[in-house]
Amino acid sequence: EYMGPLLSPRPGASSAPTGMDLGKFERDNSVNCLLASAVPPVCRIEPCSLGIDEAGRGPVLGPMVYGICFCPVSRQGDLETLKVADSKTLTEAQREELFEKIYAAKEYIGWALHILSPNFISTSMQRRTKYNLNALSHDTAIGLIQHALDSGVQLAEVFVDTVGPAEKYQEKLKQQFPELEVTVRAKADSLFPTVSAASICAKVARDRIVKNWKF
C-alpha cells in the first residue's frame, strides 16, 4: 500500500530538546515524515532485536506516530537497565528523561519514527477501496522494518505490540519477512524492552508535535 511521501531529516540536523528534528513536520503537518537516528556500527555487525509501537490511535488531535527501536540481542540487558517501560504508564517528564537515556546510548541503540499526518489518515480512511486503521498500522510497521533492513541493521528478531488479532498480524509479518523471528503480542510494550523503547520514542515525538501544533 502507498504510505505517502517520506521526508528524511536533513543530514546533520539537530534539534532542541534532545535528539529529534521535528522541524519539517511542524512546518507542514499535512505530509508524512520519516525520522531516523544513525545506525550504530555494532547493529550492522551483530544480530539485532527490534521493537515496534505506536502513539496517537485514540486522540482526535494530531498525527499517529509509529516507532521502532533496535539494539544487538547481546545488549538487551543494557537496554533493560535504562528502565524503559510502557510509555502510557509514565509521565511526560519521565518519558523525556528516558528518551534522553536512549539517545545517549546511541553507540548501541537506534530508532526510527514514521509520523502520519491527520490529512493522510483521513484520506486513507475515505478511499473507495477499504483501508482501515489496522491495515494502515500493519503497512507502516512493515515499512519501518524494511527501513531498518535497508539501513543495514542485522535484524534477527522483531517484537510488535498487537494491532487487531495477534495471530493474523504475526502471520502477515512472517510472510513478509520469513527470515526474521517475529513475535506479536498484546501488551508487548510492557513485556519486551525494545518495544518499550519504541513506545517511548513514538510518544515523546507525538507529545512534542502536539505541544507545537499549528491549527
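From the backbone N, Cα and C atoms, a Cβ is placed for every residue, glycine too.
Annotation comment: TrEMBL describes 1-21 as region 'Disordered'.
Within the model, the domain 'RNase H type-2' (47-215) shows a mean pLDDT value of 90, rounded to a whole number. TrEMBL lists 47-215 with the feature domain 'RNase H type-2'.
For the recorded site, Asp53 (divalent metal cation binding site), the DSSP three-state label reads strand. Residues or ranges marked as divalent metal cation binding site in TrEMBL: Asp53, Glu54, Asp161.
In this structure, Asp161 (divalent metal cation binding site) is part of a beta strand by DSSP. Each of Ile52, Ala55, Tyr66, Gly67, Val160, Val163, Ala188, Asp189, Val195, Ala198, Ser199, Ala202 belongs to the same chain as Asp53, Glu54, Asp161, is absent from that list, and has a C-beta within 8 angstroms of the C-beta centroid marking the divalent metal cation site. Between the binding-site residues Asp53, Asp161, the minimum number of other C-beta atoms within 10 Å of a residue's C-beta occurs at Asp161.
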